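I have placed the structure first, in the form of structure tokens, so that the comments after it can refer back to it.
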Amino acid sequence: MKTSVIFVLIVLNLMWSGEAQEVARTYCGSHLADTLADLCFGVVKRGGAQYAPYFWQKAYLGSRGKRGVVDECCFRPCTLDVLASYCG
């Protein structure tokens with residue numbers, strides 16, 4: 001009985017801690033651009049305008065300045081929260 005209670009508590013603890021952690025991964029190239037577009041502007045429709053307006057391009061700099069989303073999320077893994085912080 002005591003062993004099964006401890007086992008259940010360990011399993012519940014592992015399940016809970018797994019949900020609390022966001023996975024960090026790398027975003028490079030078109031995957032980075034598409035993910036940023038989804039986070040900042042909603043779903044990107046293919047077949048529409050080929051280029052984003054100038055004011056949208058400036059929004060990619062966001063509040064993070066010139067530090068660089070590529071430096072932070074392509075060269076090193078980052079979370080979606082970090083990536084979303086680049087939205088203007």
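The backbone N, Cα and C atoms fix where each Cβ goes, and this holds for glycine too.
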CYS78, CYS87 - which one Swiss-Prot pairs with CYS73 by disulfide: CYS78
Most crowded position, judged by CB atoms within 10 A, among CYS73, CYS78 as disulfide-bonded residues: CYS73
